[in-house]
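Peer 1: This is the structure, below, for whatever I ask next.
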Amino acid sequence: MTGIRAQLWIVAFGFFMQTLDTTIVNTALPSMAASLGENPLRMQSVIVSYVLTVAVMLPASGWLADRVGVKWVFFSAIILFTLGSLLCAQAETLNELISSRVIQGIGGAMMVPVGRLTVMKIVPREQYMSAMAFVTLPGQIGPLVGPALGGFLVEYASWHWIFLINLPVGVVGALATLWLMPNYTTRTRRFDISGFIMLAIGMATLTLALDGHKGLGLPPLAIAGLILCGILALAGYWWHAKGNSSALFTLRLFNNKSYSLGLIGSMSARIGSGMLPFMTPVFLQIGLGFTPFHAGLMMIPMIIGSMGMKRIIVRVVNRFGYRRVLVSATLLLAVVSLSFPLVALMGWTLLLPIVLFFQGMLNALRFSTMNTLALKDLPNRLASSGNSLLSMVMQLSMSLGVSTAGILLGVFAHNQVVTNTPATHSAFLYSYICMAIIIALPALIFNRVPADTGTNRNLPRASAKAANR
C-alpha cells in the first residue's frame, strides 16, 4: 500500500466513524432509556448534545489544523472521539451520557473538516475529486448500516456496544495517524476568539433553552435567562462582525441574495428534516412495538432513497429550476412525512418501507439543492467562510429539530408513553401533524428564489470515471 493510499484510508475510517455515530444511536434510544431508568421522552438530549457540540466546534477545526498541523489535530480528534465512546459505554446516568457525548462531539467536529483538508494537502489538485470519492465512500456506508447495526447490537447484546465498537477502530486509526500521516501546517491569521465565544454561547444557550424544560427539567426562569443570554450573545456577534475583516464569519456573505436565501432556507428546512431520523425509530419502537433491530432495518430504505436521488439531482434541478424543485420537494416531504404514521396506524405496515424510500429521496433532493443554491454564486474570497458558516448552521438546525421533536412528543404524550397504546398513537400522530407543518413552512422562503437562477453541469465523463476509480 502506497503512503498516500494509506493516508487516505486513515481519513476514510475517520469519516466512517463520524457518520456511523450520527445514525447508530437513534435506534438505541428507547433501550438506553430503559437501562438508565429514564423517560424515553427525555432521551433527545443524547443526540442534541452531540450535534450541538459539533456545530459549536466546527469553526475552530480548520484554524487549528492550519496552526497545529493536520496530523496532530486529526490524531487528537480520533482520541477524543474514542475516549468519548468509552465514557458513553460506561455511563450510568443520563447526565453522564450527555457529558460523554459532548467529548465525542468535539472529536467528531474536527474529524471530517480536517480530513477534507488533509486530502487537499496530500494529493495533487487534479486528483482531489478521485481522492474525495475514495475517502467519502465509507462515510456513505456509515448511515446505511448504522440504524440496523445499532438495532442489532441493542437487541442481541446491549446498547453499550454501539459505543464500544468505536474503540478498536479508534485505536488503530490513532496509531496509523501517528505512523503514516505527515504534519502539514499553514500560516494563519489570528483566530477570532471573541466572535467564536459569542457564537458558541448564542447557539448553546438557545438550544438548551429549547430543550430545557422537557429534556433537562429546567424551571421557566432559567429558560428565560438562557434565551436572553443567547439573544445578547448573537446580537453581540453581529455588532462585533460589522466592518470587521477579521471576524469569524463576515457579514458580507449576506449581501449575496442566493447565499442568504440558501442559508436561511437551509436552517429552517433542516429543523424540520432533523426531526425525522429521531422520530422514525422512536415511533416504530414505542408507537408500534417494533424490536430495535426491526426498527433499524426499516431505516435502510430511507438511506437507499437518499443515495439513489443524488445521482439524478443535477438533471432534476436543470429541468425544473431551483425554485420549483425546492418548493415542490418541501411540500411533498411534508405530505410524505405525515403519511408515515397514517399508513402505520391503518395497519398497512408493508407500505412503510416505500414511504421511507420516498422520504429519503425528497430529503436528498432538498438538501443538495439548498447547499448548491447557497454556495453557487459566492465569490472565491468568500467561499471558505460561506461554506464553514453553512456547515455550522446545518448542524445547529439538526439539533434544534431534534429538540423540537422531543418537545412536541412530550407535550402531546403528557410526558408519559406506554408502548403501542391508543394514547401513544394519538401523541405521535399529533406530533407528526405539527412536524409536517414545520417541514412545509420553508416553502415560503424558497418561493422567493429568483426564477432565472442558473443551471448546473454534470461532471465531465473523464472526471466521473476518475472519481469512481
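Cβ atoms here come from the backbone N, Cα and C positions, even for glycine.
Found this in Swiss-Prot, in case it helps:
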TRANSMEM  8-28  transmembrane segment
TRANSMEM  45-65  transmembrane segment
TRANSMEM  68-88  transmembrane segment
TRANSMEM  102-122  transmembrane segment
TRANSMEM  134-154  transmembrane segment
TRANSMEM  161-181  transmembrane segment
TRANSMEM  191-211  transmembrane segment
TRANSMEM  215-235  transmembrane segment
TRANSMEM  286-306  transmembrane segment
TRANSMEM  338-358  transmembrane segment
TRANSMEM  392-412  transmembrane segment
TRANSMEM  426-446  transmembrane segment
Peer 1: Using a Cβ cut-off of under 8 Å, list the residues of the same chain at least 6 residues beyond the transmembrane segment (102-122) that approach it.
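Peer 2: Apart from its flanks, the transmembrane segment (102-122) reaches 4, 7-8, 11, 14-15, 17-18, 21, 49-58, 61-62, 64-66, 70, 73-74, 76-85, 87-88, 128, 131-132, 135, 139, 181-182, 184, 391.
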Peer 1: Going along the chain, which residues at least six beyond the ends of the transmembrane segment (134-154) come within the CB cut-off of under 8 Å?
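Peer 2: Distant Cβ neighbours of the transmembrane segment (134-154) are 8, 11-13, 15-28, 31, 112, 115, 119, 161-162, 165, 281, 291-300, 303-304, 307, 469.
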Peer 1: Have the transmembrane segment (338-358) and the transmembrane segment (68-88) got at least three CB pairs under 8 Å, pairs 6 or more apart in sequence?
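Peer 2: These two segments do not touch.
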Peer 1: Using a Cβ distance cut-off of under 8 Å, indicate which of 68-88, 161-181, 286-306, 392-412 has the most pairs with the transmembrane segment (191-211).
Peer 2: 392-412
Peer 1: With an 8 Å cut-off on Cβ pairs and a sequence gap of 6 or more, do the transmembrane segment (392-412) and the transmembrane segment (68-88) reach 3 or more such pairs?
Peer 2: no
